[in-house]
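Annotated in Swiss-Prot:
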| type | residues | note |
| --- | --- | --- |
| COMPBIAS | 188-203 | compositional bias 'Basic and acidic residues' |
| COMPBIAS | 350-359 | compositional bias 'Basic and acidic residues' |
| COMPBIAS | 386-401 | compositional bias 'Basic and acidic residues' |
| COMPBIAS | 405-414 | compositional bias 'Acidic residues' |
| COMPBIAS | 415-431 | compositional bias 'Basic and acidic residues' |
| COMPBIAS | 432-447 | compositional bias 'Acidic residues' |
| COMPBIAS | 541-551 | compositional bias 'Basic and acidic residues' |
| COMPBIAS | 560-638 | compositional bias 'Acidic residues' |
| COMPBIAS | 639-656 | compositional bias 'Pro residues' |
| COMPBIAS | 707-716 | compositional bias 'Basic residues' |
| MOD_RES | Ser201 | phosphoserine |
| MOD_RES | Thr203 | phosphothreonine |
| MOD_RES | Ser206 | phosphoserine |
| MOD_RES | Ser673 | phosphoserine |
| MOD_RES | Ser684 | phosphoserine |
| MOD_RES | Ser686 | phosphoserine |
| MOD_RES | Thr692 | phosphothreonine |
| REGION | 103-168 | region 'Disordered' |
| REGION | 182-208 | region 'Disordered' |
| REGION | 350-447 | region 'Disordered' |
| REGION | 534-716 | region 'Disordered' |
| MOTIF | 379-383 | motif 'Nuclear localization signal' |
| MOTIF | 544-548 | motif 'Nuclear localization signal' |
Amino acid sequence: MVSVKVNGNPQNRLVNNAKVNGNMAFRGNQNRNRNFGGGNNNYGGPMGANRMGGMNMSPWESQNPGGGQFGNNMRQGGGQMNAQAINLANNLLNNLFRNQNPPSLLDLPRGGGGMGNRNQRGGPMVSRGGGAGNRLNNRRGQGGGFQNRGATGSGPKPPPKQGGGGIRKQNAFDRAKKLLAKNANQNKKKEPTPGEKKIESPTKESPYASVPNDMFYCHLCKKHMWDANSFENHIKGRTHLMMREGIEESYRLKANMIRQEAKIAEQLKSIEFDRLKRMGKSKQRQLDYCTMCDLNFHGHISTHRKSEGHLQLKKFLHPKCIECNKEFATRIDYDTHLLSAEHLKKAAENNTKVGERKRQTLPISTEEEETRDLRLPQKRKKKPVKKEGEAADGEAKKEGAGDGEGAEGDEAEGEEAKEGEEAADETKEGDELNESQEEEEVALPVDPEDCILDFNDGDEIPSEVDTRLPKYNWQRAVGPGLISKLECYECSVCSKFFDTEVTAEIHSRTATHHRNFLKFINEKSSDTKIAQKRAAAALEENERKKRKVEEAEAPAAEGAAEETTEGAEGELYDPSEATGDDEDVEMVDDNAEGEGEGEGDEEAEAEVEEDGAGQDNGEEEMEAQEEEGQEGEQEPEPEPAPVQTPAPAEPAPPAKTPAKTPTKAAAPAAVASPAAAATSADASPSPAKKATPARAAAGAKATPQRQRARGRYNRY
């Protein structure tokens with residue numbers, strides 16, 4: 001036990017001062033339970049009844065090894081103690097009694113900070129009951145150790161609690177230890193024996209090492225790779241796997257679309273069958289089911305498996321690798337195979353590649369390969385001689401079915417296939433009589449007379465070809481005009497090439513070529529239908545445009561006809577009066593004539609006589625011309641007398657009577673002349689209108705003076 005005594009006499013005085021100032025422990029002594037002067041909260045000293053720290057004992061002579069951390073100096077009051085000496089002694093004791101290890105952040109309790117929660121604040125506690133000097137000393141002595149308030153001075157220092165408050169849930173020191181131990185164990189596991197090191201030292205060679213670099217192309221991601229390692233990493237990578245999942249989903253959607261198209265076609269066929277059944281022209285058809293197509297169809301399963309939709313779906317769902325001669329259950333397995341090292345090696349050896357190389361390759365088929373595709377008719381077994389009559393009946397039925405095939409098509413063929421299967425079943429039952437059984441050749445199918453057997457450039461295919469399609473016959477060639485020679489023989493329908501003419505001839509009799517030929521004819525027929533529809537639509541459009549033009553021209557023609565009829569009835573419109581200037585000129589002339597015609601006015605009699613004489617001369621000329629025109633019109637008539645009598649007498653008064661009214665009105669204001677002229681035109685009697693055809697006949701010979709004079713009658 002090491003004790004240091006510094007200036008004992010002042011210490012005693014401090015104790016006495018602490019007795020006096022004991023009641024000032026906690027700012028007004030409002031909370032006596034937290035009195036730092038003594039009692040149960042006697043920090044740094046033994047538990048005793050002297051609550052004011054009356055024991056004459058050095059503050060550093062404590063049983064607590066860490067007594068220097070807080071000590072009894074928390075009970076010290078007043079400013080007589082030398083602050084520097086206390087700080088020096090406090091730091092000295094801390095360095096002596098603390099752990100000998102260098103300070104580390106891992107030793108901090110819980111939160112690891114200098115100011116934790118309220119119960120974890122370290123350093124010398126500030127005694128609020130003491131004087132100002134003690135508080136100053138405690139503030140300057142913050143470098144002391146950290147201790148929990150709950151620890152008693154007599155007992156040993158408790159270890160810091162683990163898992164306390166704050167952000168850290170585990171002690172950082174323990175966590176670091178566990179991590180180091182874990183890494184050490186892993187390193188021990190990875191370290192093999194020296195003998196094993198020599199075996200595993202060489203790295204594994206990539207399975208794509210023997211594949212040429214130009215073959216490293218991923219057709220799913222459409223990416224080119226530069227070497228074997230990069231290609232292998234791409235195949236195992238996340239991007240490639242995600243792309244593969246998306247393409248697999250697209251394959252599923254496309255397969256469903258093909259199935260839906262087949263279902264729609266079958267529904268249309270069933271509707272047609274129902275219609276024929278209602279009309280009494282067809283009997284009930286039996287439905288069958290295809291698992292791959294997920295389809296209920298009319299006919300036999302063997303006929304359905306040869307149909308275009310079934311073969312298309314089968315080729316899509318179960319592709320075949322030509323280079324490796326392998327078939328796959330799903331298309332995604334086929335894609336995986338195309339990226340395998342085995343396939344790429346064979347593709348490089350055969351100088352073929354998926355994509356560009358495969359398109360550039362020209363495979364030429366031989367006679368042996370094409371002979372494999374010939375489909376010979378299956379022979380049926382015939383029962384013994386005892387049942388010759390039944391066999392003859394069966395042949396008759398079969399011939400009848402063959403005759404009906406031209407009309408009913410694939411359905412009759414399906415029935416024939418069913419009959420063939422029934423006959424085969426009957427023969428199986430009599431296998432014991434093999435000696436008496438004989439084989440009978442199947443009769444070749446009968447084609448319609450006008451069936452299509454060939455197509456040349458320029459030939460027209462009709463829109464309806466269902467009744468003109470030939471049946472398959474392995475002894476007859478179809479479409480030989482579609483096979484041309486190009487240093488070899490090419491079939492444009494099947495896109496295949498052959499080495500000799502014999503091979504081409506055999507190919508024209510194969511089932512694949514026959515199926516492609518029927519597909520080609522149907523496509524041409526649909527093209528013809530489309531062309532006909534387009535031509536009909538063009539004709540209809542032209543007719544519609546013509547009708548629209550005629551409808552637009554009809555009102556104009558009607559208006560012109562009405563104008564001509566009005567001109568024939570009477571010349572009520574003068575072209576010279578179309579503008580306002582002509583009307584003004586005529587109005588001035590009317591005023592002048594009205595002034596000349598006025599009688600009984602206040603003007604001089606000499607002027608009236610002159611004007612009257614001029615007017616009379618003009619009227620005489622007009623009457624003479626009207627009489628000539630009327631005579632010209634009346635010459636073809638048999639009775640000219642009744643028409644001549646009213647003509648010379650009546651036109652003169654209407655010209656004079658309305659002319660008197662505007663003369664009186666023209667004297668005060670010349671503006672009233674148009675109204676007067678209008679009244680004169682309206683007041684003209686009907687005989688003047690009857691004389692208008694004569695004026696129309698003589699209109700070409702009329703003088704300008706006469707035109708102005710006539711303006712009063714036909715102005716409006």
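Cβ from N, Cα, C; glycine included.
In the motif 'Nuclear localization signal' (544-548), helix, strand and coil residues by DSSP number 5 helix, 0 strand, 0 coil. Across the motif 'Nuclear localization signal' (379-383), the prediction's mean pLDDT works out to 59. Counting only same-chain residues at least 6 apart in sequence, those with a Cβ under 8 Å from the Cβ of Ser206 (phosphoserine) are Ala228, Asn229, Glu232.
Annotation note: Ser206 (phosphoserine) sits in a coil segment as assigned by DSSP.
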